[in-house]
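A.B. asks: Below are the features I grabbed from Swiss-Prot:
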{"type": "BINDING", "residues": "Arg24, His136, Thr357", "note": "substrate binding site"}
{"type": "BINDING", "residues": "Gly111, Phe112, Ser184, Asp209, Asp210, Ala211, His212, Thr240, Leu241, Ser242, Lys243", "note": "pyridoxal 5'-phosphate binding site"}
{"type": "MOD_RES", "residues": "Lys243", "note": "N6-(pyridoxal phosphate)lysine"}
Amino acid sequence: MSSIHDLDFIKEKLEELKKAGVYRKLTVLESPSGPRSIIDGKEVINLSSNNYLGLANHPRLKKAAIEAIEKWGVGAGAVRTIIGNMTIHEELERKLAEFKREEAVLTFQSGFTANMGVIQAVVDKGDVIISDELNHASIIDGCRLSRADVVIYKHSDMEDLERVLKEVKDKYRVKMIITDGVFSMDGDIAKLPEIVKLAEKYSAITYVDDAHASGVLGESGRGSADHFNLHGRIDIQIGTLSKAIGVVGGYVAGKRELIEWLNHRGRPFLFSTALPPAAVAASIEAINILSESDALTRKLWDNAKYFKEKLKSLGFDTGKSETPITPVIIGEETKALEFSRKLFEEGVFAQGIVYPTVPKNKARVRTIVTAAHTKEDLDAALKAFEKVGKQLNII
């Protein structure tokens with residue numbers, strides 16, 4: 001006799017994924033994250049990492065992490081509101097606030113939990129969130145948890161955003177516009193100057209998730225607010241320590257009063273053990289490196305421009321990308337996954353992205369070049385893209 005504990009309903013859902021050709025297993029990395037990585041015993045050019053600046057295996061970050069373990073141990077031992085708040089946590093937040101040119105910063109365990117915690121702490125029932133339709137899943141989940149009404153506007157469509165703002169103008173206590181700074185699947189940049197003007201016109205709060213802009217846009221990677229010279233005009237900025245910074249964690253930057261409030265009402269902050277000392281120390285060292293020089297961000301953009309232009313010249317559809325995130329849009333889901341598999345056979349790891357991560361018929365292979373890639377790496381990858389693209393009649 002079958003039991004509910006057999007989880008037959010889950011097995012059926014897994015079978016549906018397999019029949020649709022979109023079932024996947026986790027890739028196992030057998031080396032540090034870098035421009036070339038070892039997967040299944042094979043060295044491949046890595047075009048799927050968020051390690052934009054190559055800091056994840058940087059000797060200065062590793063040294064800082066090791067020294068922190070020797071001094072502080074491997075864990076904080078408690079939430080920060082009890083006895084897990086170490087001096088290095090405070091130091092990291094000071095460094096981040098200076099780097100972002102904001103009054104204060106509060107760190108979280110990830111960018112995902114930062115979005116979930118901040119949104120639900122800032123808005124509530126009787127408020128409204130106005131969210132771009134392509135915002136990250138963590139924003140979507142944060143909106144759901146907040147109990148506020150949510151209105152979606154068409155992606156980067158300022159006319160539609162203004163239409164929504166007019167509709168909600170006198171209906172809510174707090175109005176908050178939320179957007180990614182850089183959109184993770186298409187690589188386009190939010191129209192922040194226009195969003196800020198509309199927010200000021202209609203008395204709305206602005207909230208920007210800079211996960212893919214931190215370390216990428218602006219002076220030495222200070223983010224999208226710096227990129228557009230909007231310091232002091234964006235109310236809430238979310239950042240991550242897990243991508244360009246090369247470590248793990250997330251943070252929110254803004255006014256001191258905002259950070260004080262989140263100290264009291266940011267649930268993931270309140271109920272999760274503090275970031276481990278090694279991660280904190282490595283993040284501090286990453287900020288030090290970025291503050292000293294813009295060499296890594298310049299190399300990142302040189303590589304991104306070169307790779308994107310070459311892909312376009314081969315005939316690939318790279319959509320509306322403006323950043324080191326460059327999608328190769330295939331359309332059909334099974335074909336995108338096959339494209340990814342064949343690239344791996346040619347020594348290139350570039351992840352196939354399918355529904356529900358992207359809309360149906362918009363499947364793609366998403367590439368991210370880094371500052372650590374050499375021109376030889378990129379040329380070898382381009383050769384593989386050309387070969388597989390012709391095999392599958394994509395170009």
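Just so it is clear, glycine is given a Cβ too, placed from its N, Cα and C backbone atoms.
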A.B. asks: For Gly111 (pyridoxal 5'-phosphate binding site), list the number of other Cβ atoms lying within 10 Å of its Cβ atom.
C.D. replies: 26
A.B. asks: What subset of the binding-site residues Ser184, Asp210, Leu241, Lys243 lies within 10 angstroms of His136 (substrate binding site), using C-alpha positions?
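C.D. replies: If one measures from the Cα of His136 (substrate binding site), the binding-site residues that come within 10 Å are Ser184.
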A.B. asks: Nearest to Thr357 (substrate binding site) by Cα distance: which of the binding-site residues Ser184, Leu241, Lys243 is it?
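C.D. replies: Minimum Cα distance from Thr357 (substrate binding site) across Ser184, Leu241, Lys243 lands on Ser184.
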A.B. asks: Out of Ser184, Thr357, which of these binding-site residues shows the lowest number of other CB atoms within 10 Å of its CB?
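C.D. replies: Each of the binding-site residues Ser184, Thr357 was scored; lowest Cβ tally within 10 Å is Thr357.
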A.B. asks: Least buried of the binding-site residues Arg24, His136, going by other Cβ atoms within 10 Å?
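C.D. replies: Per-residue Cβ counts within 10 Å for the binding-site residues Arg24, His136 bottom out at Arg24.
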A.B. asks: Taking the Cβ of Asp210 (pyridoxal 5'-phosphate binding site) as centre, how many other Cβ atoms lie within 10 Å?
C.D. replies: 31
A.B. asks: Can you check what DSSP calls Ser184 (pyridoxal 5'-phosphate binding site), collapsed to helix, strand or coil?
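C.D. replies: Its secondary structure by DSSP: coil.
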A.B. asks: Among Gly111, Phe112, Ser184, Asp209, Asp210, Ala211, His212, Thr240, Leu241, Ser242, Lys243, recorded pyridoxal 5'-phosphate binders, what is the largest CA to CA distance in Å?
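C.D. replies: 16 Å is the greatest Cα spacing among the residues binding pyridoxal 5'-phosphate.
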A.B. asks: Max Cα-Cα distance in Å among Arg24, His136, Thr357, the residues listed as binding substrate?
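C.D. replies: Greatest Cα separation within the listed binding residues comes to 21 Å.
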A.B. asks: Between Arg24 (substrate binding site) and Leu241 (pyridoxal 5'-phosphate binding site), how many Å separate their Cα atoms?
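C.D. replies: The Cα atom of Arg24 (substrate binding site) is 27 Å away from the Cα atom of Leu241 (pyridoxal 5'-phosphate binding site).
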A.B. asks: Is it possible to get the count of other C-beta atoms within 10 angstroms of the C-beta of Lys243 (pyridoxal 5'-phosphate binding site)?
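C.D. replies: Counting Cβ neighbours of Lys243 (pyridoxal 5'-phosphate binding site) within 10 Å gives 26.
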A.B. asks: I'd like the Cβ neighbour count for Leu241 (pyridoxal 5'-phosphate binding site), meaning other Cβ atoms within 10 Å of its Cβ, all protein chains included.
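C.D. replies: Taking every protein chain into account, the count is 30.
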A.B. asks: In sequence order, which residues at least six apart in the same chain have a CB under 8 Å from the CB of His212 (pyridoxal 5'-phosphate binding site)?
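C.D. replies: Counting only residues 6 or more apart in sequence, the Cβ neighbours of His212 (pyridoxal 5'-phosphate binding site) under 8 Å are Asn50, Asp180, Gly181, Val182, Phe183, Ser184, Lys243, Thr323, Ile325.
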